[in-house]
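Features of the protein shown, as given by Swiss-Prot:
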type     : residues : note
SIGNAL   : 1-23     : signal peptide
DISULFID : 55-108   : disulfide bond
DISULFID : 67-107   : disulfide bond
DISULFID : 76-93    : disulfide bond
DISULFID : 78-95    : disulfide bond
DISULFID : 82-97    : disulfide bond
């Protein structure tokens, strides 16, 4: 085998290494551009009308505690460690334990 054959055998693997690398690089750049274009088209645009969440706690003696008009229950707490409660008509917390000394309703509305 002559020197030109040896040189050819050395150059072929080197050319294969160079060519796929540049192809992969251009494929990566094309994919990056496509991903950026899609993300830019999905950009979040907030509504010009902004709302504020206002909340208050209403504590009552006994088992029920109701929110003021226009507010809705978002959570309840019951005295004597009672962890069993339900919301009635979206505006009233009702503790389900037989003995409860107080009930608190967390009431919120959007302004």
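Cβ atoms here come from the backbone N, Cα and C positions, even for glycine.
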Counting Cβ atoms within 10 Å of each Cβ, the densest environment among the disulfide-bonded residues 67, 76 belongs to 67
Residue 107 (disulfide bond) and residue 55 (disulfide bond), distance between Cα atoms, whole Å = 5
Starting from the Cβ of residue 108 (disulfide bond), draw a 10 Å sphere and report how many other Cβ atoms land inside it.
-> 14
Here the disulfide-bonded residues are 67, 82, 107, 108, and the Cα closest to that of residue 95 (disulfide bond) is found at 82
Would you mind pulling the DSSP three-state label for residue 82 (disulfide bond)?
-> coil
Using DSSP with the three-state reduction, classify residue 97 (disulfide bond) as helix, strand or coil.
-> coil
Among the disulfide-bonded residues 76, 78, 82, 93, whose Cα is within 10 A of the Cα of residue 67 (disulfide bond)?
-> 93
When you put residue 97 (disulfide bond) at the centre and draw a 10 Å sphere around its Cα, which of the disulfide-bonded residues 76, 78, 107, 108 have their Cα inside it?
-> 78
Residues with Cβ closer than 8 Å to the Cβ of residue 82 (disulfide bond), same chain and 6+ apart in sequence?
-> 95, 96, 97, 100
